[in-house]
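**Student:** Got a structure for you, written out below as structure tokens; questions coming shortly.
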Amino acid sequence: MKNVSDSPAATAEAAHEECVELVAKATIPTRYGVFESHVYRVKSTGAEHLTLVMGDVAHGESVLCRLHSECVTGDVFGSYRCDCGEQLDLAMRYIAAENRGILLYLRGHEGRGIGLANKIRAYALQEQGYDTVDANLHLGLPDDAREYDSAAAILRALDVRSVRLMSNNPSKFDTLLKHDIPVCERVALAIPVREENERYIKTKQVRFGHYFDENE
Ligand SMILES: [Zn+2]
């Protein structure tokens, strides 16, 4: 498989792309439509991130984009302890509605980077009254261990010029800007607040400075 740094897009940006390599690609038909999928491996960690691309994202500006952190409980099983599954579904539907966009599915981001077992341990602590940040700290773990540098490198490898980012997480905006990928708009993913995830969503706003998108 050709290394991404060999692609025509990689010239002055080669330094950014060196942290990831393209290792596989194929078409994936989904219930949202047909996507071109790519797997990029992060050289330093071995994590394999999946990208789902619809339409031509290498030409023109303002590509609808979601950087989605892996969450097996939310994404696969529809857990209401978080809002990941519903955000993923909405992002896919928004991309399909425009027939153009890109979803990066960031593996190794489970539980904000602490892994599945630790995430479930943190849930157990939350049942005792800890919030999502204090539960991680009580376990001796960082409150957020995720990095988005490799996501930025993948966007550059795909020659994405600027994005409309579907997110309420300021860290993602900061990282893309740091890598000279302009974010020309924030697209809200308004998820209904439920009894089960109300405290989690409130904690994200208060302790991580996340934007709040009121569901209409
Ligand atoms: Zn989740």
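Any Cβ shown, glycine's included, is placed from N, Cα and C.
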**Student:** Which candidate from Cys65, Cys71 does TrEMBL annotate alongside Cys82, Cys84 at the Zn(2+) binding site?
**Tutor:** Cys71
**Student:** Which of Thr45, Thr132 shares the GTP site with Arg66, Leu67, His68, Ser69, Glu70, Gln87, Glu110, Gly111, Arg112, Ser167, Lys172 per TrEMBL?
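**Tutor:** Of the residues offered, the record points to Thr132.
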**Student:** Identify which of the following binding-site residues, namely Arg66, His68, Cys71, Cys84, Glu110, Arg112, place a Cβ less than 6 Å away from any atom of ligand 1, and list them by sequence position.
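**Tutor:** Cys71, Cys84, in sequence order.
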**Student:** Check His68 (GTP binding site) against DSSP and tell me helix, strand or coil, would you?
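**Tutor:** Once the DSSP labels are grouped into three classes, His68 (GTP binding site) ends up as strand.
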**Student:** Secondary structure at Arg112 (GTP binding site) (DSSP, helix/strand/coil)?
**Tutor:** helix
**Student:** Which one of these recorded positions, Cys82, Arg146, has the sparsest Cβ neighbourhood, judged by other Cβ atoms within 10 angstroms?
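**Tutor:** Each of the recorded positions Cys82, Arg146 was scored; lowest Cβ tally within 10 Å is Arg146.
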